[in-house]
Amino acid sequence: MKQLNHLGIILDGNGRWAQKLNKDRTFGHKQGMNKIFDTIKWCQAENIAYVTLFCFSTENWNRPVKEVDYLMKFPGQIFSDKELKKYIANGIRIIWVGRRTKVPKKTRQALENAESKTEQQTKTIVNLALDYGSGEELVSAVTKICQGILQQKFELNDINQDLIYNNLYTCASPPIDFLIRTGGEQRLSNFMLLQLGYAELYFTKIYWPDFDAIALKTAIADYYARDRRFGRIEV
C-alpha cells in the first residue's frame with residue numbers, strides 16, 4: 001500500500017454530540033475545534049505530510065445564525081498569536097482553502113494571519129477548509145482560467161487536468177489519499193470532489209469530539225490493509 005501522504009477529514013458530529021449531552025450545539029463545536037492542533041500532532045506521529053480539515057461548508061450558512069456566528073469566531077481563538085507559536089514550533093503551515101469574500105472581516109483576518117505567520121513551515125501542510133464547497137471551488141478555478149485566456153497567459157487548447165488542478169484552492173497539495181468522515185454519515189457533502197478521485201473512504205459513527213488518536217490509528221490501519229490499484233489489475 002502506498003504511503004499515506006495526504007489525509008482528509010470531515011469533522012462531523014459536533015452538534016449531535018452536544019445534544020446527546022443535553023447541551024447547546026455550540027458546546028460541541030467548541031470541543032471539536034479545540035482538537036485541531038492535537039489532531040495535526042497525531043497525523044505527524046503517523047508521518048502524514050498533508051492534512052485537509054473540513055470545518056465549514058458553503059452550505060453551512062443555512063444553519064441558525066447563532067451557530068454560524070459562533071463558528072465564525074473559532075479561527076480567532078485557535079489561531080491567536082499565542083496558539084500560533086505552537087504551530088510554528090511544530091513545523092505546521094496553515095493554508096485557508098475556501099471562499100474569502102463572505103466570511104466576517106475578523107474571521108478573514110485571523111485565517112490570513114495564520115497563513116502569513118506559518119507560511120515558512122514545511123513539516124506538515126494543513127488545508128483548513130472554511131466556507132468551502134467543491135462546486136464553488138470549480139467555479140473559482142474556471143474563472144481564473146478564463147481570465148488567463150483573456151490576458152493571453154495561455155490558450156484554450158492549453159486547458160487540461162493539470163491546469164484545472166493548479167487553479168484549485170488546494171493546488172499546493174497532492175490529491176487526497178484517504179478520507180475519514182466522523183459522525184456516521186456516508187456521503188462527501190460537496191467536499192474535494194476532484195481531489196478525492198482515487199481516495200480511499202472511511203466512515204465512522206464516532207462523533208468528532210470523541211475521535212481520538214486511537215480512532216485515527218484504527219482508521220489508518222484500515223487504509224494500509226487496502227489495495228489501491230488506480231485502475232490497474234494484478235497480472
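Backbone N, Cα and C define each Cβ position, glycine as well.
Among the features that TrEMBL reports, Mg(2+) binding site is placed at Asp12, Glu200. Asp12 (Mg(2+) binding site) carries neither a helix nor a strand DSSP state and counts as coil.
Neighbours of Asp12 (Mg(2+) binding site), defined as other CB atoms within 10 A of its CB across all chains, total 24. Residues or ranges marked as active site by TrEMBL: Asp12.
Residues or ranges marked as substrate binding site by TrEMBL: 13-17, Arg25, His29, 57-59, Trp61, Arg63, Arg181, 187-189. Trp17 (substrate binding site) falls within a helical segment according to DSSP.
Counted within 10 Å of its Cβ, the other Cβ atoms near Asn60 (active site, proton acceptor) come to 16, all protein chains included. Taken from TrEMBL, the feature active site, proton acceptor covers Asn60.
Ranking the binding-site residues Trp17, Trp61 by how many other Cβ atoms lie within 10 angstroms of each Cβ puts Trp61 at the bottom. Taking the Cα atom of each, Arg181 (substrate binding site) and Asn60 (active site, proton acceptor) are about 17 angstrom apart. The Cβ of Gly15 has fewer other Cβ atoms within 10 Å than any other of the binding-site residues Gly13, Gly15.
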